[in-house]
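A quick write-up on the structure given underneath.
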Amino acid sequence: MTLTSLRLVKEILAKHGIRPSKGLGQNFLIDRGAIRKLVAASSIQSNDTILEIGPGIGTLTQELAQLAKKVISVEKDAKMIEILRETLSEFKNIEIIHGDALKSNYKLPATNYKLVSNLPYYITAPTIRKFLEASKAKPYSMTLIVQKEVAQRICAKPPKMSILAASVQVYATPKIISYIKKTAFWPKPKVDAAILQITPFPQPYSIDFPKFFTVVKAGFKQPRKQLVNNLSAGFGLSREKTEQWLCSNDIEPARRAETLSVQDWINLTNTL
Ligand code: SAH
C-alpha cells in the first residue's frame, strides 16, 4: 500500500478520528513526484541508516524503508504513532520512536546516518542547528523539505547573508535541489517549499564556535547599521579599537554584516 493520494490520507485520518494539527506543523505529502524527488536527492544506499523526523502517517517512511537498511522515525504525536503501527506494520527495518526530535529523549544512530525529512516547519531552524552541532553523532547529510524562503535564506551568499546563513555555512554546505509547489501537501501550506540538502564538512573548522556565534550575533544586532557600530557596542570596545580589528582583517568598518562571508566572521573570531 502506498500512501500518497489525498483520498487515502484523509481516509486514514478519518478512521482514527483525527484532524491535521496546525500546532504540530502537520502538512502531509500527497504528491508522488515530490516524494520521488526527495528520495532521489537523498541518494540512499542499501546499507544506509536513515533518521526521519516527523513521519506523520508514514508516506515517506515507506519509500525510505524500501531502499535503506534501517529507518528510524521520530514522531511527537501519539495519534500518528498509532497510525504508523498500522501503515508500517509490514516493514521489519523501521524503528518508530515516540518523541520530540528537538529533545534528547532518543538515541541518535551510532553509525554514519543520513537525515531525511519533510520537516514540520516550526522546528526547521532548531532542528538544523541541533544536527549540525551534534558533535559525536553528526549526520552524513540532511535532505529536507523546508519553506522555499527559508531554504533561500540558508543558501544565501554575501551581500545577502544572515545569522541563519552564517550559522549553517560555518558547519556545512547547503544546496537547494529543487522547488516543490504548496499543492504537494495537504492541508495546503501558505507558501511553496524546497528540497534543501545540507552536507556537513567532513573536517569541521577548528574554531571557538561559541565565540564565533557571539561575534556574528553582535555584528547582526542592528543589521542596517555599520559593523563598526554594532561590534563596538556589542563588545564594549572603543570605535578606534574596533576599526583596527576590522581593518586588520581587510574589512571596511562601514560595511554591513550581511556583506561578510563566513571566512570574514572566522577571521574576526580568531582575532577578537
Ligand atoms: N513526513 C510526513 C508528515 C509531515 S508533517 C509527510 O511528509 O507526509 C510533520 C510531522 O512532524 C507530523 O507528523 C508532526 O506530528 C510531526 N512533528 C511535529 N513536531 C515534531 C517534533 N518536535 N518532533 C517529532 N515530530 C514532530
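Keep in mind that glycine also has a Cβ here, set from the backbone N, Cα and C atoms.
Automatic, uncurated: that is what TrEMBL annotation is.
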TrEMBL annotation, S-adenosyl-L-methionine site containing Asn27, Leu29, Gly54, Asp100, Asn118 - matching residue among Glu75, Glu82, Glu149: Glu75
Per-residue Cβ crowding (10 Å cut-off), top of binding-site residues Glu75, Asp100: Glu75
Segment-level pLDDT (mean, integer) for the domain 'Ribosomal RNA adenine methylase transferase N-terminal' (34-202): 96
Gly54 (S-adenosyl-L-methionine binding site): secondary structure state under DSSP, collapsed to three categories: coil
